[in-house]
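J.: Take a look at what Swiss-Prot says about it:
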- His45: active site, proton acceptor (ACT_SITE)
- Glu72: active site, proton acceptor (ACT_SITE)
- His193: active site, proton donor (ACT_SITE)
- Asn9, Arg20, Gly194, Gly215, His216: 3-amino-2-oxopropyl phosphate binding site (BINDING)
- Asp11, His12, Arg47, His52, Thr102: 1-deoxy-D-xylulose 5-phosphate binding site (BINDING)
- Glu153: site 'Transition state stabilizer' (SITE)
Amino acid sequence: MAEVLLGVNIDHIATVRNARGTHYPDPVQAAFVAEQAGADGITIHLREDRRHITDRDVELLKKTIQTRMNLEMAVTDEMVDIACRIKPEFCCLVPEKRQEVTTEGGLDVIGQKDKVAAAVKRLSDAGILVSLFIDAEHRQIDAANEVGAPFIEIHTGAYADAKNEVEQEKEFHRIKAAATYAASKGLTVNAGHGLTYHNVQRIAALPEIYELNIGHAIIGRAVFSGLTAAVADMKTQMRKARR
């Protein structure tokens, strides 16, 4: 079985920096360290309120990342304009609410199909591979396929936040079924949100999963063990799942 890829989300390096309005820690340096430790790509979310990653970060990271940039963004004209100018390798369209602490759910592709389709077309025409961050629902997968996105990213938050084993098992099987269904439609399947060192292996073991995007758990561990070790440890957990 092919190795599952790891996209390291470095948003929270910027969160720490912005908490004091300093120039450090720098997400550009974090991306370099993560890549050296085995990250297959770097994920950043340029939010409309610029609460962590800034336009400056996006510009510099595009010039310095040695692997692949995955730019998460809302479905807005401003963000599509930025992406078409920067030209990251990947864009992941996500829902966004100003008052949320983190992304709370998947993108409702069905409810805004025309808007999403237009964004997908503009990004694709610019040579960018597009992913849609959606819940593990067949109807949303069908809609993602219909608007022309080649990738989806399954929202794993409900699985990660499950209160007990029964609930987690139910959510795992939803993700598993969604991954199988999406792959049968010809979509490439990524997953992410809330994954940790303790719950990542079951998701990484699913043969349809191409890449996992993980940030908070890695940055949290990095506080105590360093970013190099934190990224390497996550890669180890993911590799174990594919043995």
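Backbone N, Cα and C define each Cβ position, glycine as well.
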J.: What kind of secondary structure is Glu153 (site 'Transition state stabilizer') part of, going by DSSP in three states?
T.: strand
J.: Among the recorded positions Asn9, Arg20, Glu72, Gly215, report those whose Cα falls within 10 Å of that of Arg47 (1-deoxy-D-xylulose 5-phosphate binding site); none is a fine answer.
T.: Glu72
J.: Could you state, as a whole number of Å, the largest distance between Cα atoms of any two of Asn9, Arg20, Gly194, Gly215, His216, the listed 3-amino-2-oxopropyl phosphate binders?
T.: 25
J.: Say we define neighbours as other CB atoms within 10 Å of the CB. Which of the recorded positions Asp11, Glu72, Glu153 has the fewest?
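T.: Counting other Cβ atoms within 10 Å of each of the recorded positions Asp11, Glu72, Glu153 gives the minimum at Asp11.
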J.: Within a 10 Å radius of its Cβ, which of these recorded positions (Arg20, His45, His193) has the fewest neighbouring Cβ atoms?
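T.: With the recorded positions Arg20, His45, His193, fewest surrounding Cβ atoms within 10 Å: Arg20.
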J.: For His216 (3-amino-2-oxopropyl phosphate binding site), list the number of other Cβ atoms lying within 10 Å of its Cβ atom.
T.: 17
J.: Looking only at Cβ atoms, how many others are within 10 Å of the one on His52 (1-deoxy-D-xylulose 5-phosphate binding site)?
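T.: By my count, 21.
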J.: May I ask you to report the DSSP-based helix, strand or coil state of Gly215 (3-amino-2-oxopropyl phosphate binding site)?
T.: coil
J.: Ten-angstrom check, please: count other Cβ atoms within 10 Å of the Cβ of Asn9 (3-amino-2-oxopropyl phosphate binding site), all chains counted.
T.: 25
